[in-house]
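Here the structure is laid out as structure tokens; the discussion comes afterwards.
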């Protein structure tokens with residue numbers, strides 16, 4: 001029996017449509033830069049916010065009344081939840097989904113129960129994928145919610161907790177491989193500290209490094225062809241998390257020789273919590289060669305926490321998509337909606353309203369970003385601004401042909417007196433606005 005009987009399949013109706021259950025800009029097969037929109041964006045709906053979150057917050061219990069969140073046999077409820085999820089994905093017309101292990105299967109009271117429940121639910125997910133054509137963008141393991149992970153998973157002071165987390169990741173990686181997932185994500189929700197008074201930073205970093213090496217080894221052992229992705233976040237739930245931002249993750253990966261093995265999954269709201277723009281985090285990851293995928297959402301600038309609202313800024317998403325297109329587009333990654341309806345959005349149709357509007361935002365941003373790439377005035381200005389480094393003197397500097405002493409002698413001999421030139425920020429901001437708001 002359908003859970004959303006009043007909702008038909010969402011279709012493209014064009015910019016003049018007034019329907020909140022129709023796309024105004026997302027025309028899945030429309031060609032942009034020679035490739036369909038759906039292939040550029042690779043959009044996914046997440047299992048956890050859409051079907052697991054009960055509408056609770058730290059001040060109140062859940063406000064949603066979802067049938068699968070009631071009482072009953074946990075496995076039967078999980079099976080019903082999966083049926084509802086794929087009904088939603090299909091009617092929404094989204095191509096991908098994402099999950100944590102315990103989103104889709106009851107955790108049980110032991111590792112054996114966990115393994116058996118998860119195995120049965122992977123059978124269910126595989127069947128639904130075959131029937132609907134919906135694909136898995138990425139899988140992951142929830143190694144942060146259970147009280148055993150209060151002090152972390154890989155960074156936990158108890159090696160048995162480390163082993164338990166490794167077992168979950170082992171299972172979730174194997175499930176992702178079986179379901180033909182495009183990526184596997186590692187979010188260190190509690191890989192950090194609350195206070196330095198009881199924390200050995202060197203010890204915990206070594207544990208994290210060992211854990212990630214094991215993950216990489218297992219990827220190659222099972223022949224997983226997708227990307228491994230760390231998801232940076234500066235804090236929350238811990239006071240300080242070790243995967244603070246893209247640059248921090250890169251330093252960690254370099255330390256353990258993993259910079260060619262693991263990339264990043266960048267979340268917009270995590271970027272702003274770290275004091276960065278979403279644009280900054282993407283550009284940084286691209287420049288370091290570790291860009292992988294995106295969690296699309298937004299935070300509230302007046303709140304200092306992770307609100308996970310649906311993206312609604314065409315400007316922000318245009319600049320993000322511009323950087324992604326300039327880098328060659330997604331390889332295995334995509335735009336995963338790590339977004340949730342608000343606690344007062346009680347009706348089932350609200351799930352559609354949030355996703356439809358956000359998918360339209362990304363589609364419009366893609367069109368604007370493609371126009372920027374085709375007439376790349378920003379790159380033209382950058383080429384001009386850095387032109388000196390393409391001249392013989394600039395090239396010799398980067399090639400290491402000068403020591404500090406010989407370079408100082410060169411400056412004295414040439415009586416160098418370089419002058420500042422305009423960075424043209426206001427001009428370039430106007431250029432971007434003309435592309436977005438034409």
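Quick reminder: no glycine exception, Cβ is built from N, Cα and C everywhere.
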- Query: 231, 267, 338 bind Mg(2+) 1 according to Swiss-Prot; which of 200, 245, 295, 360 goes with them?
  - Reply: 295
- Task: Determine, using Cα-Cα distances only, which of these binding-site residues is closest to residue 308 (Mg(2+) 2 binding site): 267, 295, 338.
- Result: 338
- Spatial separation of residue 100 (active site) from residue 270 (Mg(2+) 2 binding site) - C-alpha basis, Å: 18
- Item | Cβ-centroid neighbourhood (8 Å) of the Mg(2+) 2 site, 267, 270, 306, 308 excluded | 233, 268, 269, 273, 295, 297, 299, 307, 338
- Least Cβ-packed of the recorded positions 103, 306 (other Cβ atoms within 10 Å) is 306
- Message: So if I draw a 10 Å sphere around the Cβ of residue 308 (Mg(2+) 2 binding site), how many other Cβ atoms end up inside it?
- Response: 22
- What residues, ordered by sequence, lie under 8 A Cβ-to-Cβ from residue 100 (active site) and sit at least six positions away in the same chain? 47, 48, 139, 140, 141, 142, 172
- Note on the structure: Sequence-ordered list of residues in the chain of residue 231 (Mg(2+) 1 binding site) that lie 6 or more positions away and have a Cβ within less than 8 Å of its Cβ, or none, is 185, 186, 187, 188, 243, 264, 265, 266, 267, 270, 295
